[in-house]
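What Swiss-Prot records for Gly35, Pro36, Ser37, Gly38, Cys39, Gly40, Lys41, Thr42 is ATP binding site, and it gives sequence analysis as the kind of evidence. As annotated by Swiss-Prot, domain 'ABC transporter' applies to 3-237, with the evidence given as sequence analysis.
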Amino acid sequence: MSIEVRGLSKRFGAFRALDEVSLHIETGELVALLGPSGCGKTTLLRIIAGLESADAGSVLFAGEDATEVDVRQRQVGFVFQHYALFKHMTVFENVAFGLRVRHRSQRPSEARIRAKVLDLLGLVQLDWLADRYPAQLSGGQRQRIALARALAVEPRVLLLDEPFGALDAKVRKELRRWLRRLHDELHVASVFVTHDQEEALEVTDRVVLMNAGRIEQVGSPREVWERPATPFVYGFLGDVNQLHGHATRGVWRLGEVALPAPDLPEADNQRAIAYVRPHDIDLARAGTAAPGIPVRLNHVYLAGPSAYLELARQDDQAIIEAQVPEPLFRSLGLKEGEALLAQPRRARVFAVQP
């Protein structure tokens, strides 16, 4: 079942949480709402679920207006960050809860409930824990039980609010890949909130970048990473250097360095900022003929397969960060304090707004 929101707005006092947000999610899509704290992503998720009401706009499921439909009638599965499992109930009872509290006319028989719960526990690969209590489970196991409970009511859509936020990094990575495989089996529209860029880019079909209550960009993980639509998206999706220069007729310049600026074909000495990823900066020793930004190597941080270099520009001491493979760094024999040239290889150029 598809999900569509049209012109959603929401205020909490003077704070505007959502500002005319519109979005369409197809059946079977796994979509991430990604952004910093306070950007509106959780508010949007809760309005879709029916846990929050909008000041304006509408929510449609499969083309039908669900804005005024009670949360209990929306057939939405919701998974919270902190599991919200009932401590006094076993795993089996937690998963069965949503089925047992249905109105008598809609409640399955106890035999069907048992079969359904055991099927779901098998689906999340935890059927052997049916008689345990939440306190006896790991964080990853609790989150999978919470997901099984959400699926028990056969939701038309699945909504997850930072489902892996309370887990350590290794478990998060394992669970999000497991969620991707599970989602492909279920084939329902699924939306999850996260502030983890890697998480959103790794497992989703599309990423919705949000900022200050608005959508900045919607696209596939590859699209938003390779072609960020705004400076905010560029900065939020990873480390980035901002180099201030000028653009003229589609070319950005800073000293001897020139880079294409295809989005500014009519610019005439216009102030513009080149956004450059650390791994898109090459290094050369000072005195070579190639153009570059004169810098001095301040510090080197080695982390696994990469070396992260902190470079200070020689004109204004502004910091430029570069990332190179550790074997290359070793072969170059660079020393802290050495004069170098930073050579941006690729960038996205945005005009400075007056």
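Cβ atoms here come from the backbone N, Cα and C positions, even for glycine.
Structural mapping of features recorded in Swiss-Prot.
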residue	record	CB count, 10 Å
Gly35	ATP binding site	28
Pro36	ATP binding site	12
Ser37	ATP binding site	7
Gly38	ATP binding site	14
Cys39	ATP binding site	25
Gly40	ATP binding site	24
Lys41	ATP binding site	29
Thr42	ATP binding site	19
If the ATP site is taken as the center of the Cβ atoms of Gly35, Pro36, Ser37, Gly38, Cys39, Gly40, Lys41, Thr42, which further residues of that chain fall within 8 Å of it by their Cβ?
His195, Met210, Asn211
What kind of secondary structure is Lys41 (ATP binding site) part of, going by DSSP in three states?
helix
